[in-house]
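Participant: Provided herewith is a single structure, encoded as structure tokens, for subsequent inquiry.
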Amino acid sequence: LNRLQRECKEVVTNSEISETGIMIEILNENLTEIRGHIRGPPDTPYAGGSFDLDIKIPDQYPFSPPNVKFATKIWHPNVSSQTGVICLDILKDQWAASLTLRTVLLSIQALMCTPEPKDPQDAVVAKQYMDKPQVFKSTAEFWTLKFAKGSVPVNVDYQSRVDKLKDMGVREEEAISVLSCNNWDLNRATVYIFS
């Protein structure tokens, strides 16, 4: 508990960290549930977005890594577009007791800058990242705008396709997800949803 209190204080009071747009919010008094906040890094499709993370601290901490996943939907090769689970070595087999919450949050923000498509959590996103980089970038920006309160102008073409599916009775979130997985091909997305 003392170590966790120190780590939380380090994140809250460190001006260098707050400048990078990383914050935490403690959700219970025994510090086992924490909400992380990461601002999308500049010069990435996530710029201007505000991303929330669910952080659960296990009883074996610091000898076991925290369980961290995105609560905000994000289009990224190393994050499940469905569940928010993150593929990051320090959250699994490369964890060391010397690492801290600060390290974890900074590592996740760094992963947003430099995806690892060869070690994906979401194979569909990774394939799009490698095969259609421009579609990946515009899709990630669209998700950042829709789910993370991003500030890029709305992609009118993508929005009109989402609206067409919504007119057919599909929920907006599902429409965005299916269109994204089908490289914004409205026909393929429609067949996928209704078959």
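Any Cβ shown, glycine's included, is placed from N, Cα and C.
Okay, so TrEMBL annotates it like this:
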DOMAIN    1-149  domain 'UBC core'
ACT_SITE  C87  active site, glycyl thioester intermediate
DOMAIN    155-195  domain 'UBA'
Participant: List the helix, strand and coil residue totals of the domain 'UBA' (155-195) as derived from DSSP.
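Facilitator: Counting residues by DSSP class gives 31 helix, 0 strand, 10 coil.
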Participant: Run through the domain 'UBC core' (1-149) and tell me, per DSSP, how many residues are helix, strand and coil.
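Facilitator: With helix first, then strand, then coil, the domain 'UBC core' (1-149) has 57 helix, 27 strand, 65 coil.
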Participant: Can you check which residues sit near C87 (active site, glycyl thioester intermediate), meaning Cβ under 8 Å from its Cβ, same chain, 6 or more apart in sequence, and list them in order?
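Facilitator: Expected: N78, V79, E116, D119, P120, Q121.
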